[in-house]
Amino acid sequence: MGDPSKQDILTIFKRLRSVPTNKVCFDCGAKNPSWASITYGVFLCIDCSGSHRSLGVHLSFIRSTELDSNWSWFQLRCMQVGGNANASSFFHQHGCSTNDTNAKYNSRAAQLYREKIKSLASQATRKHGTDLWLDSCVVPPLSPPPKEEDFFASHVSPEVSDTAWASAIAEPSSLTSRPAETTLENNEGGQEQGPCVEGLNVPTKATLEVSSIIKKKPNQAKKGLGAKKRSLGAQKLANTCFNEIEKQAQAADKMKEQEDLAKAAPKEESIVSSLRLAYKDLEIQMKKDEKMNISGKKNVDSDRLGMGFGNCRSGISHSVTSDMQTIEQESPIMAKPRKKYNDDGDDSYFTSSSRYFDEPVELRSGSFSSWDDSSDSYWKKETSKDTETVLKTTGYSDRPTARHKPDYEPVENTDEAQKKFGNVKAISSDMYFGRQAQADYETRARLERLSASSSISSADLFEEQRKQAAGNYSLSSVLPNAPDMAQFKQGVRSVAGKLSVFANGVVTSIQDRYGS
């Protein structure tokens, strides 16, 4: 026995799927199932087919009714003897009404139904062989689809039914047949007696009655038809003036615009009133400012100093701004750099600068004249000599100040510098300012002086003297020898001693309290 062709498979499934119960999924009820379980002979949707695949082929064997073309005759017989209706009735008879897939197809009812489908399919295969249809597979006749009622056809159709029209047509036919019979009888008897004119008016009455019946009913139908059309809202326009309709529409638009304007007017009035109130508040504030006599400049100054009216939480302010005046500095003078006397070190009492040496020393000829105005000329001469010694020892004369002119002024004429150094690749500052010759002469003299020595140091070459140690400097070598300076020195020493004693006391107290 060969396998069925693809056309046979499509034909069989087309007929099986035409059954109403097979048009929905057996498990979930989805429409148009395209998969089938051969083991139970039921149709399934794609989702339920996946759950059947997870059960295993020993419980449910799944195939597609559209994609698979390698069906066997035994599998087709299983689908023909089965069906959704037979399976659902069998499961209900055996009390299996659960929707759980695992519980449903592992139950006793499912096992019995599998065996039943298998036996029926094997019998049908032996009996029918390769026939497409089975005797037991009865398909109910396809009922024509119900026609949808046409709304317009129902309203347009006449009110008189078909039976009424048939009776109306039958009546005139009977009426017409009767005068015909009478005319025949009259004609037969008229061969001897002659024509009879008594019944001449009868056919005319009959025809009049028939015509009246036929005419009345269509007229009634037309009246009813016209009434139906009016109920649908279709009206015939006659003798209408479109200009009047347009004027009415324009008038309606104008009325609508007026209503919109009337609604918007209160909103605009509220906005205008709020603006007026805001302007009034501003005017009141301006009047208050004018009363307080505060100009723009004073307002800024008061805000900067934190005395503005906006910063006053209580609303009370003082009149300090009324007396404010702006002071401009015409020619600001830069402060002179201060020279500390103890830059190079002092006695063993000091290791850092003190506030007693921060005051600048006025290096003038009469700086110490205020010490004793009643002293004689000899004392004044001595003080002037002391100031000169202080200048020499402290090196104030060597310090460059703003009053000192530079040793070498740059060449004013740029043409001379271009002519002089036009072809030179590199220029030093000594060459540009004319210090090269002097430097060369000094270096030659030093080299000639040190030519006989075995070793030369940088200090010997450049004649640099080693700076004295910080401990060699004393306060007496820096400060001028004056009686006030001696007293000042004594006071400083006493203060330093007190500070040292205080520091020692603090240290000992800390050690006693917290331990060494």
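Positions of Cβ are set from backbone N, Cα and C atoms, glycine also.
Per Swiss-Prot, the feature coiled coil maps to 243-264; the stated evidence is sequence analysis.
Look at Swiss-Prot and you will find 173-190 tagged as compositional bias 'Polar residues'.
The domain 'Arf-GAP' annotation in Swiss-Prot covers 10-126, and the record cites sequence analysis as its basis.
Residues or ranges marked as phosphoserine by Swiss-Prot on the basis of similarity to another entry: Ser231 (among others).
Ser270 (phosphoserine) is surrounded by 10 other CB atoms, counting those within 10 A of its CB over all protein chains shown. Look at Swiss-Prot and you will find Ser270 (among others) tagged as phosphoserine, backed by similarity to another entry.
The phosphoserine annotation in Swiss-Prot covers Ser274 (among others), and the record cites similarity to another entry as its basis. Using a 10 Å radius centred on the Cβ of Ser274 (phosphoserine) and all shown protein chains, the other Cβ atoms total 10.
If you look up Swiss-Prot, you'll see Ser331 (among others) marked as phosphoserine.
The phosphoserine annotation in Swiss-Prot covers Ser370 (among others) and rests on similarity to another entry.
Per Swiss-Prot, the feature phosphoserine maps to Ser428 (among others).
Sequence-distant neighbours of Ser451 (phosphoserine): no residue of the same chain at least 6 apart has a C-beta under 8 Å from its C-beta. What Swiss-Prot records for Ser451 (among others) is phosphoserine.
Within 10 Å of the C-beta of Ser453 (phosphoserine) we count 9 further C-beta atoms, all protein chains included. If you look up Swiss-Prot, you'll see Ser453 (among others) marked as phosphoserine, on the strength of similarity to another entry.
A C-beta separation below 8 Å, combined with a sequence spacing of at least six in one chain, links Ser455 (phosphoserine) to none of the other residues. If you look up Swiss-Prot, you'll see Ser455 (among others) marked as phosphoserine.
Following the DSSP three-state reduction, the secondary structure of Ser457 (phosphoserine) is coil. Other Cβ atoms within 10 Å of the Cβ of Ser457 (phosphoserine), summed over all protein chains shown, number 10. For Ser457 (among others), the entry in Swiss-Prot reads phosphoserine.
For Ser458 (among others), the entry in Swiss-Prot reads phosphoserine.
Residues or ranges marked as region 'Disordered' in Swiss-Prot: 170-199 (among others).
The region 'Disordered' feature in Swiss-Prot is assigned to 393-417 (among others).
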Rounded Cα distance in angstrom between Ser270 (phosphoserine) and Ser453 (phosphoserine) is 108
Conformational class of Ser270 (phosphoserine) under the three-state DSSP mapping: helix
Residue with minimal Cβ packing [other Cβ atoms within 10 Å] among the modified residues Ser428, Ser458: Ser458
